[in-house]
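Enquirer: Okay, so Swiss-Prot annotates it like this:
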type	residues	note
REGION	1-195	region 'Disordered'
COMPBIAS	10-25	compositional bias 'Polar residues'
COMPBIAS	116-159	compositional bias 'Polar residues'
COMPBIAS	173-191	compositional bias 'Polar residues'
DOMAIN	208-463	domain 'Protein kinase'
BINDING	214, 215, 216, 217, 218, 219, 220, 221, 222, 237	ATP binding site
ACT_SITE	331	active site, proton acceptor
DOMAIN	464-519	domain 'AGC-kinase C-terminal'
């Protein structure tokens, strides 16, 4: 095994051989997120090459201005992912997201989404034993990809129906870390089936000991905290009310809380509760120790076929679940996929998530991952998430997104509307077939938007060897386990930031409280 990578194939399918040394791979350039500023220093951005560094870490022969990386070394067939250099170090300065501008230079107007109605559809996750769409547990380090990491407890349980808190709840007494872990996530979800999740005003600052800052952004930061009651570690996202209002993020912030309050799934991050004071909003979430899939992908350059399949399968189950609840996610990308300490994925950042039963027109997302109907300002539905899954699979297999060309975001949009994708010869035939049916502008042919819905994706031949029930219950060993110690607040995978808590808990007039009545 290559010691500093440690990625194993979770499936029996052989890894397709890599291209010859003459084959070139492109390194994705940074692209802005539309419409929503990030609350994390690196979230919602494609990686930037530091102009002060003359070489890309994994390919010494390439300068930062180059659009290609020459001489990618081959992947070990069947089992291992190569290490092609040290982990790419992200720039620590804040990188605020930007919005699309029209030809006149003015930001596009956000059109309100349609009224919503409850969904009657059931996801495959639910049919395999997970909670129905009425379950009201939540998840997120929303908007803070570098800030979130796997839960310090497994599994994370919601508050029980009878009002008795489960062992992992922040307000309960200390428990043995190894106790209570024999239950599968499916069993946990079944137990939560009729639970009512109330998050408003559940905690106060006095319930937690603040440990350190995990990430910062344009209108907030995320802290690692320890519950004074059960001594477990959590992530508390703090948003400054004045900044949220100033940057016109009130609707997205409230949507994020609402979506996370409703969802409960093994591959979605959990929101335990919210509270506020005169100056700030607080969201108590799982602490996900393992970091972003983005970092692992950049370190490895690209994944073998079975490794990409494992992560894509977990994402597909999460999307299937969200869609059964009429929730469109709209911001799928490696930066928003976090690895828990066991190596399973957690989707975070629900700032763009929206409950939409039919179509919506809101322009939001990351340029590389936008579907053509979004770029063209047409009404769109849940199928945009399946398009994004195709882009994600392509990036995991190739190391770059299909419509990136090193130019401006507008050039990316032109490429998306043009719709021409060049598939490298080393992509597995089944994977290529799936991608061609996901990354298609024709909605009558896009998988996930057809008669059988998400099942047309899950039953595709590329996923043939996936046991979905075992995957949902986390019985399939992940290909990579992050080098962190669980249960002790190990934040070694996060950069250090100057601490700032002086504005927390101060009394005074609450000028913006009426915007956030549900916190």
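The backbone N, Cα and C atoms fix where each Cβ goes, and this holds for glycine too.
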Enquirer: Of 216, 218, which of the binding-site residues has the most Cβ neighbours inside 10 Å?
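Expert: The largest 10 Å Cβ neighbour count belongs to 216.
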Enquirer: Cα-Cα separation of residue 214 (ATP binding site) and residue 331 (active site, proton acceptor), in Å?
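Expert: Residue 214 (ATP binding site) to residue 331 (active site, proton acceptor), Cα-Cα distance: 21 Å.
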Enquirer: State the Cα to Cα distance, in Å, between the residue listed as 'active site, proton acceptor' and residue 218 (ATP binding site), rounded to an integer.
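Expert: It is 18 Å, counting Cα to Cα.
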Enquirer: For ATP, with binders 214, 215, 216, 217, 218, 219, 220, 221, 222, 237, what's the maximum Cα separation in whole Å?
Expert: 14
Enquirer: Measure from the Cβ of residue 331 (active site, proton acceptor) and count the other Cβ atoms within 10 Å, all protein chains considered.
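Expert: Around residue 331 (active site, proton acceptor), other Cβ atoms within 10 Å: 28.
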Enquirer: For the domain 'AGC-kinase C-terminal' (464-519), what is the mean per-residue pLDDT, to the nearest integer?
Expert: 91
Enquirer: Taking the Cβ of residue 214 (ATP binding site) as the centre, how many other Cβ atoms fall within a 10 Å radius?
Expert: 28
Enquirer: Give the helix, strand or coil assignment DSSP yields for residue 218 (ATP binding site).
Expert: coil
